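Notes to accompany the following structure.
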Amino acid sequence: MSDLLLDISGLSAISLREGGNPILRDVSLSLKKGEVRGLVGESGAGKSTIAKALLGILPRTVKVTSGTMRFEGRDLLTMAPRDLSAIMGSDIALIPQDPQTALNPGRRIEAQLTDGLRLRRGMNARDAHARALQLLSEVHIRDPERVLKAYPHELSGGMRQRVMIAAAFSLEPKLVVADEPTTALDVTVQKQILRLIRGMQEAHGTAVIFVTHDLGVVAKICDSVTLLYGGKVIEAGPTADVLADPRHVYTKALIAAGPRYDRPDAGLEPVPQWVFDQLHQEIRTGAKEILHG
Amino acid sequence: MTAYSFFHRVLMAAITLFGVAVIVFVLLRVVPGDPIAMMISPGASEADIAALRAQYGLDQSLPVQFWIWLTSVLSGDFGTSISLRRDVLELLAERLPATLELAAAALVFAVVLGIVIAVTATLLSRTKLSPLVDTLNGLFLAVPDFVWALALVLIFGVLLPVFPLSGRINPDSQEGFATQFYLLESLLTLRFRDLADISLHMIMPVLALGLPLASIITKVLKEALAEAMVQDYILLARLKGMSRLRLVLQEALRNAIGPTIALTGVQFTFLIGGTVIVERIFAYPGIGNMAIDAVINRDLPLIQGLVLVFGALFILVNLATDALVVAFNPRMEA
Amino acid sequence: MSGLVSEAPKEAAMQPAAEKPAAHRSLGRALLAEPKVVIAGGFVLLLVILALFAPYIAPKDPLEQDLMLGTLSPVGGSTYEPGYYLGTDDLGRDVLSRLIYGTRIALTVAFVAAGLAALIGTVLGLVAGWYGGWIDTVISRLVEIWMAFPPVLLSILLVAVFGSGVHSVIAAIVIIDWTRFCRVIRAETMAQARLDYVTAARTMGYPRLRILIREILPNVAPVLVALLSLEMGIAVIVEAILSFVGLSVSSDTPTWGGMIAQGRQIIYQGWWVLTFPLATLFATVLAFNLLGDGLRRALDPVLRR
């Protein structure tokens, strides 16, 4: 168990805004060092609530009612704020969804990329500059000197997301939370960014929680996958097992709904209504999730 | 800002100023009521009146009068004030510095106060103080400079008589100044007694002019900061371990300040307009105070000169605002 | 003269009645449910009553001078004289009575100037926003040029041209401030014109003018009413400033601005001569501001829901 990095167990949360509506129901998932886990679900499934809880940025309207969230054995939910903020950004980093809004439009890339190095690692300006150059070339940015001097609006969406990836990996975190990092990008750029995240993750031995609604993305880069619906884990296990042998009707329906590269004439089937009815039934009765492997 | 767009803006400003000149001239030439009639003594003859008319160019046709007036204005001759019997340019040169010092001081005061309150309120945005700031500021927003000035007269003139009620400087302590920029000159020549005296005289007018502007800056900047503070880049900066103060000052303020500058520029022209009544209330010897006398006396040459000076001031403020907005926004370079 | 303006709120109430009876029934309640409307509206109503019935309400003749009764302090002061509740000025005129009579000029200017500015601005704004095309271009350019001219300059010029007097004050306010209404109403009209109910009305084949007046105007009314209330506050201040410097009505007529000017001069002998009209002026401006804000909230069908 020594290589267990993150262990979420029995996590439940309610939304105070919607009159105590549950938004996470007894969620458990674990992550080994260096593992890439996909967190899949439609909007409202609870995947981004989990990601926010991991980063300690849950909105005030969300209240965790039970469960633990152990990172290297220490529960993030009960940790003192000072200890928590020492971990956040340093041991746990975020690749945000939209690089457009994640970069401060009024500051140059260099200032934003070196903030963490200087604040967290106490680097001086010269060392931070050198490290920033190195990071940018690591994410395959061709003219790093120019990019460091640029303002965000001077870069393309793909370039900005590369900068965000460099920033996320800059402090050698143990866990990176990637919050749908490709949804705001052009399709052509998406693949490159996915490959880049996988490459960086392998090179640095970093574990990644990959939040997405796209099973196709999961198939490409995730070692394991957790499928959520209505705040509840539906099915989880190694990606290959789950995709090859989906046991829950919802998982089957989702796979059928995605494009099939092996049979272009099939696929794109909408998820039938009775599947949702069954899901709601299961949530009401508190049925067990399906675990592979 | 490129050379072309700068030139373009200056050209537009010049055209606007010319438009102001035309409108001023046309409006004042249709004034019902003959300014000459007010100047003559009861026993004046027709010939005397005609002579006066000729002296002020009032016997010519309108286009000719405009041409005479425009060429003389461009050559620095603004004519002679009818009520004060002095050269208009001389009067303006004498009074304008007082107004400039007052408006500039009020602007600095308002900007500093507005930023301090907006930033403090943003830092306190999750405490109970925040709605209090909003409510108070909402109330302050409704108080115009005229009401502020008189409330200050009551508070610091009567209730707690700490500041002088009128004028620009204590007449006894006057050693004489080389320029009309008393505040600046006493500061540069290190005459601290005069500096203190002038500052005391300026406090109430500066408050009256600056407080409404500070309220507006607070409101707009606070809203812009609140909007900036929920952006993803703030979240990421927070994850990098930035303190809240640094988040506001380094990350949010930079992006919130642009719209605030644009608005401050517009509002500063209103502040300059407000000097008219505020100078009147505090008997402060600037061009605003003079403008009221000029209107009461129907002193056409002086009114023309004053309106042109005010117009030029407004246009300069707008140009400067444009330049500042561009300077603070890296995205607008062309 | 302010016919359209005074009718606009009524239209707003009647029009939804035809389509949304529930909204109509709740209009009165919605107004009363908004504390700003009740408090500020109550204050404005009080002012209106004071102005209309000034001769019956005022305890003294506002013009009667008696130097023997000069600068009497208000109730509780050392030189208080019974009957002169708020004291007298240096000429022995009763401050309270002058205050009450001063309401007349203040409200006249507020209603007439703001009403006329709203009338002109609204008509031009509706026309520009609804018909578009060359007429919109002409009106929009006119507004732009107008707004490039700083209000203070324009008012100095206008009062210099018209001479002093309450008519000049009203004319100056109307000439300067109609653009506020025109700009906002034009934008609002254009926004409304894009909505489905307008398209529906057009497919019914109603004449364009009828759609403008019966369909669009009621929906623009909340904005208009709020703006009108704000403008009344502005007008009251402008009138006070011009009376203060002696460019409004002749000095015999009691005005708040005139009283303030007098109070400023005798500030050390009688603080009350300045304080009471200033406080009344501020309360009035605040009331119009609050009323505008409250009316906008109460009348806006979206906010009301």
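Any Cβ shown, glycine's included, is placed from N, Cα and C.
Because TrEMBL annotations are produced automatically, they should be read as predictions rather than curated entries.
Note on TrEMBL: of C:1-20, C:201-220, C:241-260, the range annotated with the feature region 'Disordered' is C:1-20. The stretch from C:37-58, C:105-132, C:152-176 that makes the most Cβ contacts under 8 Å with the transmembrane segment (C:266-291) is C:37-58. Scored on C-beta pairs under 8 angstroms, the neighbour of the transmembrane segment (C:220-246) with the top count among C:37-58, C:105-132, C:152-176 is C:105-132. Within the chain carrying the transmembrane segment (C:37-58), a Cβ under 8 angstroms from the stretch's Cβ atoms is held by residues 31, 94, 96-97, 100-101, 103-104, 106-108, 283-284, 286-291, 294-295, 298, all 6 or more beyond its ends.
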